[in-house]
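Asker: The structure under discussion is supplied below as C-alpha cells; questions concerning it will follow.
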Amino acid sequence: MASSSLLVTIFLCISVFFFSSVNANEVTVGGKSGDWKIPPSSSFSFNEWAQKARFKVGDFIVFKYEAGKDSVLQVTREAYEKCNTTSPKASYTDGNTKVKLDQAGPVYFVSGTEGHCQKGQKLRLVVITPRNSAFSPGPSPSEFDGPAVAPTSGAAKLAGGFSVVFGLVLGLWAFFF
C-alpha cells in the first residue's frame, strides 16, 4: 500500500511539472528569419516585431547571431535609451542565446557590438504574468514604463487550471488510498 502511494506521489510531481511547463514558449527574436543583427532597412524594427508577439513569465527569448562578432546585452531602460553598453545586467556571447523571461514588466536588450545599437539593433519587450500564476513577481515601479499587454489566451488558462485541479485530485487520492 505504501509503495503505491509513493508511486502516485512521484507521478503527481512529474505530472504537475509537465503541465506547468507546457505553457512556456521559445520565441526567436525577429520571427522566422531569426537573426539578431542590424536591421536591413528602416522598415524593420525589433520593437515593432516584439509588439506583435506575446511574452509571458516562463517563456524563453532566443537570439541567433554570429558568435565572436556580436553579442546580446540585457540592460536597464536608461542604458537601452542611450545605447550604453558599459554596465549590462547580463552579457551573452555564445551565438545562440536563450534567456528565460522570469519577471513581469519591460525587458531591454541591445547589441554589444559598438555602433550596432545606434543602428537599431536593440529590443524592448513587455513580459506579462499569466493569469494562472499567482506567485510571479510584478515589475518594479521604476522599471515599468509602458502599457500592459493583453492577458494570455483561454487555452493557456485552461491548461494551467487543469494542471492545478489534476494535481489536487491526484494528491487527495494518494493521501487517502
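Start at 1 and count along the chain as shown; that gives each residue its number.
Cβ atoms here come from the backbone N, Cα and C positions, even for glycine.
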Asker: If you look at what Swiss-Prot says, which of Cys13, Cys117 makes a disulfide link with Cys83?
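Answerer: Answer per the record: Cys117.
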Asker: Once near-sequence residues are set aside, which residues in the chain of Asn84 (N-linked glycosylation site), 6 or more away, have Cβ atoms under 8 Å from its Cβ?
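Answerer: Once residues fewer than 6 apart are set aside, Asn84 (N-linked glycosylation site) is near Val75, Glu78.
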Asker: At a 10 A cut-off on CB-CB distances, which of the disulfide-bonded residues Cys83, Cys117 has the highest count?
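Answerer: That would be Cys117, with the highest Cβ count within 10 Å.
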Asker: Between 0 and 100, where does the mean pLDDT of the domain 'Phytocyanin' (25-129) sit?
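Answerer: The predicted confidence over the domain 'Phytocyanin' (25-129), as a mean pLDDT, is 94.
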Asker: Let me know the DSSP-derived helix, strand or coil state of Cys117 (disulfide bond), please.
Answerer: helix
